[in-house]
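Some features that TrEMBL has for this protein:
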DOMAIN    2-165  domain 'ABC transmembrane type-1'
TRANSMEM  41-62  transmembrane segment
TRANSMEM  117-136  transmembrane segment
TRANSMEM  142-159  transmembrane segment
Amino acid sequence: VLLAVFFLFCVSILSLAGPYLTKIAIDDHISVSNLDGLDQIAIIYIIVLGVAFICQFFQTYLMQYIGQKVMYDLRTQTFAHMHRMSFKFFDRNPIGKLITRVVNDVEVLNEMLTSGLILVFSDLFILTGVFCMMLYLDWGMTLVVCLIFPLLYFATKAYRIRARD
């Protein structure tokens, strides 16, 4: 799990490198008509994309593996639990309904574990990285942007209330 989180962190950091390299290319080379070094930035950008792809692959592979292992254990425990149930339980509950419920619930847990949870943490890492990068590049502009967030929150909340009515 720690290795998968490490790859997730690497993917998040590398996703921030692309826009930063583009900023350097535009500010330091294209806008001042100095194309020396632009090819190096392009090569670095391609390397960053390649490393990000490899990290994404291993992160996805590991999370799918972990998810399948957890689901296997859950299915095994559920199967063992069903074997311990009394015959009276099976007389009261239709078998088809029980099987459908177990299969669907385990599949929903699998999706949540392998996809939903990863997206939440990935987006959280990226958002934190973007905020840190904004502070590094221009802390004054970052504070101005942060002042807008409460306004957006209240505007969204007001719109949601009116949209429901």
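A Cβ is built for glycine as well, from the same backbone N, Cα and C atoms used for every other residue.
It should be emphasised that the depicted structure is a prediction, and the values quoted were computed from it without experimental measurement.
Counting only same-chain residues 6+ beyond the ends of the transmembrane segment (117-136), those with a CB under 8 A from a CB of the stretch are 5, 8-9, 11-13, 15-16, 20, 59, 63, 142, 145.
Long-range contacts of the transmembrane segment (142-159) within the same chain: residues 131, 134-135, each at least 6 residues beyond the stretch ends and with a Cβ under 8 Å from a Cβ of the stretch.
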